[in-house]
């Protein structure tokens, strides 16, 4: 006579009791994989709170850059002096990306700020293109690291790159071959140093705002999503065999 089997399921494990002639009743545990639960949908870090914070940064940026533009117009005849104010264009974008470390943050702030600046400066809404040009360098620098590195030195690299490219472009537009070497060097190095200083100051101000909880919702959601991706990529631990 064949042994009889009785199965019972308890919490994802299937228990079999084997009985029959010459077979002592014993339980054999066979673990069956539980049906995978649907992953919980996490809220996007690009939330209403994120947009409101970006808009507030853009409003402050617009005020700062309108003043900077008028100073730049007043010093346009002296190239090296014009470069002193370049850090004003670096500061708000470094601050924005430190406070809201998400792809596209600087471009969004640049767009919003340019729209606000348009009616208050001679160049009008050309400010949008100028702002996007400056913001793009930060996006490129951080995109190289997939936005995973947010160290101070990387912000300064972004500021140096912005200032250096701007200074070199200005020198070329002014026919650098006809300029004294010292003037050429000043035209490039002064905006480069100003960009580095602006990036550093932007990070310092952003860290002060972070300490007061500004942008905390966005950063918390971003960390939650990163933690979830790390957990999903980690190999599942093997179940220990159960005693018979």
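Just so you know, glycine gets a Cβ as well, placed from its N, Cα and C.
Automated prediction, rather than curation, is the source of TrEMBL annotations.
The stretch that TrEMBL tags with transmembrane segment, taken from the ranges 26-46, 152-172, is 152-172. Counting Cβ pairs under 8 Å that are 6 or more residues apart, the transmembrane segment (184-211) and the transmembrane segment (77-97) reach 3 or more and are in contact. With a cut-off of 8 Å between Cβ atoms, the residues of this chain six or more beyond the transmembrane segment (152-172) that come close are 79, 82-83, 86-87, 89-90, 93-94, 97-98, 134, 137-138, 140-142, 145, 179, 184, 187-200, 202-203.
Listed by sequence, the residues of this chain that lie at least six past the ends of the transmembrane segment (77-97) yet keep a Cβ under 8 A from its Cβ atoms are 54, 57, 60-61, 64-65, 67-68, 71, 105-106, 109-110, 113, 130-131, 134-135, 138, 142, 155, 158-159, 162-163, 166-167, 170-171, 174, 183, 186-187, 190-191, 194-203, 205-206, 209.
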